[in-house]
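Asks: What TrEMBL lists as transmembrane segment is A:12-33, A:73-96, A:108-128, A:140-162, A:183-209, A:257-278. What TrEMBL lists as domain 'ABC transmembrane type-1' is A:73-281.
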Amino acid sequence: MKEKPFSKYQILANAVMIIWTLAIILPFILLFMSSITDENTLVANGYSFFPKKFSLASYSYIIKSGGQILKAYGVSIGVTVVGTLLNVLLSALMAYPLSVKNLPGRNVMMFFVFFTMLFNGGIVPSYIMWTGTFHIKDTIFAQLLPNFLLSAWNVMMIRTYFTTSIPDGLYEAAEIDGASQFTIFWKIVLPLGKPILVTMGTFAGLAYWNDWTNGLYYIVKNTGLYNVQNLLNQMVQNIQFLTQSSNSNVTAAASTIPATGIQMAIAFVAILPIMLIFPSFQKYYAKGIALGAVKG
Amino acid sequence: MKRKMLAAFLAATMVGGLLVGCGNSGDTSGSSKSSSGTTSTASASGEADASVTKTELGEYTEENPYHLVFAFVEFYEQDDAARTAVQDALNEYMIPKYHIEVEFLPLQYAEYQQTIQLMISGGDELDVMPIYYSNASSWIAMNGIVDMNQYMDTPEGQAIKDVLGEANATVGSMNGILFGFPAQKESVELGGLTMRADICDELGIAEEYGLELNQDEYTGKVYDWSVATEIFKKVKEAHPEMTPLYLQGSASPMRRLAFFDELADQFGVLDWEADHDSTTVVNEFETDTYKEAVTQLAEWFDAGYIYPDALTDTQGSAVMMKAGNTFSYMSAIKPGYLVEAKASTGTDCYAMYFGQDVEGGYSTTNVSFYDTGIATNSADPEMAFKFISALYTDPEVMNLWQNGIQDVNYKVLDDGTAYYVDGEDASNFKYHQNTGWFMGNQFNTYVWNDGSKDANYWDKLQHHNDWAQYSPAYGFMWDSSEYSTQITALQNALNTYRPALETGSVGVAGVEETLQKLNDALYAAGLQTVMDAKQEQLDKWLDENGGATETPQSNLDTIAAAKEAN
Amino acid sequence: MASLKKSHASSGSSHSKAAKFKRYLPLYLMFLPGAIYLLINNYIPMAGIIVAFKKYNARLGIWKSPFCGLANFEFLFASSDAWTITRNTLLYNQAFIVLNTVVGIIFAIFICDTFNKKLKKIYQSAILFPYLMSAVILGYIVYAFLSQSTGIVNNSILSALGKDAVNWYAEPKYWPFILIFVNTWKGVGYGCLIYISTINGIDPSLYEAASLDGATKWQQIKNITLPFLKPTVITLTLMSVGRIFYSDFGLFYQVPRDSGLLYSATNVIDTYVYRGLMKSGNVGMSAAAGFYQSIIGFIIVLTANGIVRKVSKENAMF
């Protein structure tokens, strides 16, 4: 850990990561450039980093036809924040007992969690249950509850982290000091587990943010509850129909839509908030509380 | 340990079982009624007292109307408030007259099939719904669609027959189950090339073939595709930077080159082009008709006339035309088509009919592509049927649903056509469905004045169908539900080679080999089994139908006259 | 089993059952909320698996629909494609698991060791960004590079090198590489971030002690970092193995733009099922496909877990 900035290893590591970072950033730049390229130039000349003619038509179309878009952002942000917090809390609560090696029945509990990763009954029974028993259809709970509140995958990853990174002795020491299991959880497990909780929370948040299936299945009448993905998907599909249909019943509206560029613009609109927010999360990835602090 | 795990698992699934089981038994009791209702004499007696509508399942009055959920597809974004206002206006009309209170359920095109399938499974409130023809067989198999034969002898059923004609009213039948009624539209398979007007003028093409703006009505004048080769050649020489013909792999151009009665899925067809009267199911991809067509495409591809990325392109003809480097694309053509083409491509276009015959093909698939039917969820399918009947027979209902409220969403012009109210147009309207070609009877709505159409436009559209030469199997619909295994494999085999063949991408040198591969793959996937079954169903249907379906004499006369004139 | 017995002994037989229960009760209570959610969200609908063996009737519902034996499974094995799709699914998933693990660990170590804080932040953000891109958009981006007439590779790179243009979407031989690259591009960030957080959990004093002892960078990685990552790698791999018959539908459908000529290299179980059933939407057959994918994964993962348990007991999942 104590190297000089320009050791051979540092140069190698940075060279590899810079190349990879470029390989990631360049397609995103291409995506952005396509979204501000004039539609006809885009279709005729293809995607280019240096388009011959620029146009903001795609963005103005989104703003014009997506009057709902602010509301949809509201739904997306609200659901993502609440969902992520609940997800992290539930996952951590579930992962901690699984990491306690002596816990009787731990294997059965592990199996109980793991099994859900492999088998599922498909959308039809889920739909019947969520709409028939829980009546979440066309409510905000439709965006929040099905599928994303807890993922077995996340629980397993957090549990693995707890087992490897939190020394066994710590629990026993705390127990001897008379701390209850809940105290241990709050005071030791959560702070020490911060790196993994932030990481898995990020993935849980992304899963909520990127999801369009819940809206598709469970939001039918009350489209005011669409999230950004639902709204943008709907926009893309309408445009595709209007401009690609070999069915000749199209109105004049179609000729003014920048069909190709708009998909790029829409993709950009959907990921931009995350791209802006994510880097500011970085500080939480750094070490949680130094282990020594807890020990002492 | 293992036993413990098993016990935990079993306990969990049993709890699950109980809950799901309960939910479902509730549904079944509610819907078993719908399948038992067979006669509808009740409605006839109900006519006596107009203030009450009686069915086998209930009595409905103005104070206590039947609540009906009407699912349809919205292709254009509508204003929510405007839609609610239209729904209220519709109910103001519906409730006193039909004792039905309609609830709109607008769905998106891309997802409506899945949404409806889930709603059927979940037993949600749903009465009238759109049915895409390829879903019909599996939705019937899962008992999701009400057989409407039981209502056909009622006055409402008779009214639908009067509007659609006997043959079209029953075309949405499968194995004796009447699952849906087709939309009223032009269905005959006629089409050709849509070409950029400026280039045609420049190269003398317009002059040579007498092309004019807005000349899209079919008169029996049809060109052989070899003429197109000449046109493409001229364009390529004068404008090497331009693609003479745009095609895309996902949209087959076959219907433009040769007509087959696809018998729903292309796995076993009638080679209509070779013999209009044949009722022998053959493998489309072994016919000379198909081979000639794909060879023609391959020749064009080799000559550089076809868009090089045709195989995987998804941008669509309108977008490509608009971008300015595409000369033409293939499409169906009908009266009023060129105005729509201009709207979508942003440029003036000429249309030219191409094909091997003066007459156009006409098959079950053409007509019953989109149908309107009743979900088995319906609490009272008889009431749902009355509503469907109104969609076909009551202009007020259709106009309200399609165009909205008069003088709020549209205005009627002096010539009897309709247009947006002042201050609204195609870019900012609040309510204008424009989906009469998808569900119901658009001939009952006002003609939309887009600049080229007049009030008798619907007549023109209806007369377009006079050029139809019916497939002998018209009215027959193949039920593939027992052959899902083969169909899955066949679909994959077809997807492997079809786009390459039908965009010409294989080149002339590759046609023979690719066809061979395709046919090998199809037979390996069980094509023969499917074709045999299809033939058997078709023969049985022919028996029941009293022989092949005949083309109406008036159509034959129109066609014969045009042939003579040529 | 053995571990439980041992722990039983070590926790002391002097503890009465009641005391033990009291000691562990809070832990079971913590487990409970998540368990209830899994029960509702996952286990109850799991009853729907039975549809795979039934001729589904919407009005009779899942329970009362008549059984049809294994008829719904036939389509998975009936055609000659069965071998291709199984082979493709397995080989791609193996390549993905290995590459995502190896590359993920290398990147994680590089990122954690990066001296410059700003660069570190940039790498760490960038590696996650591809996760945000939907498969459809990814398909467009790949097309931007590989399109026949306007693609960047054909027009800018190959032409500059004086080579002939390649019709990428008609040549299956390139696609294993393209798909593996695209998958790594998109997916490596997931494991990488988890490895980073695990490395961040390592006590820094371990490294300090090692470098005082004169251990080289490589020795530190080999003796400290990798052993610490092992449990995470095993858990991630075991979980991926359980889903080895599933595949990322978007990657295999959208990225090759559903080009038929590429099917020999791009058709996997999920795309095969989708193409076959999208027109009819058969409920029983899609349930059958899902069950088939799950049960094979289940068997493989039980075997793999058994092997792990033999080799290093503490890392087995159960």
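Any Cβ shown, glycine's included, is placed from N, Cα and C.
Nobody curates TrEMBL annotations by hand; they come from automatic prediction.
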Asks: Is the number of Cβ-Cβ pairs under 8 Å between the transmembrane segment (A:12-33) and the transmembrane segment (A:257-278) three or more, considering only pairs separated by 6 or more positions?
Replies: yes
Asks: Ranking A:73-96, A:108-128, A:140-162, A:257-278 by the number of C-beta pairs under 8 Å to the transmembrane segment (A:183-209), which range is first?
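Replies: Per the Cβ under 8 Å count, A:73-96.
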Asks: Quick one: do the transmembrane segment (A:140-162) and the transmembrane segment (A:257-278) have at least 3 Cβ pairs under 8 Å, skipping pairs fewer than 6 apart in sequence?
Replies: no
Asks: Could you tell me what the rest of the chain brings near the transmembrane segment (A:257-278), counting residues at least six beyond its ends with Cβ under 8 Å?
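Replies: Answer is 31-32, 34-39, 42-43, 55, 57-59, 61-62, 69, 73, 77, 202, 206, 209, 228-229, 232, 235-236, 239-240, 242-244.
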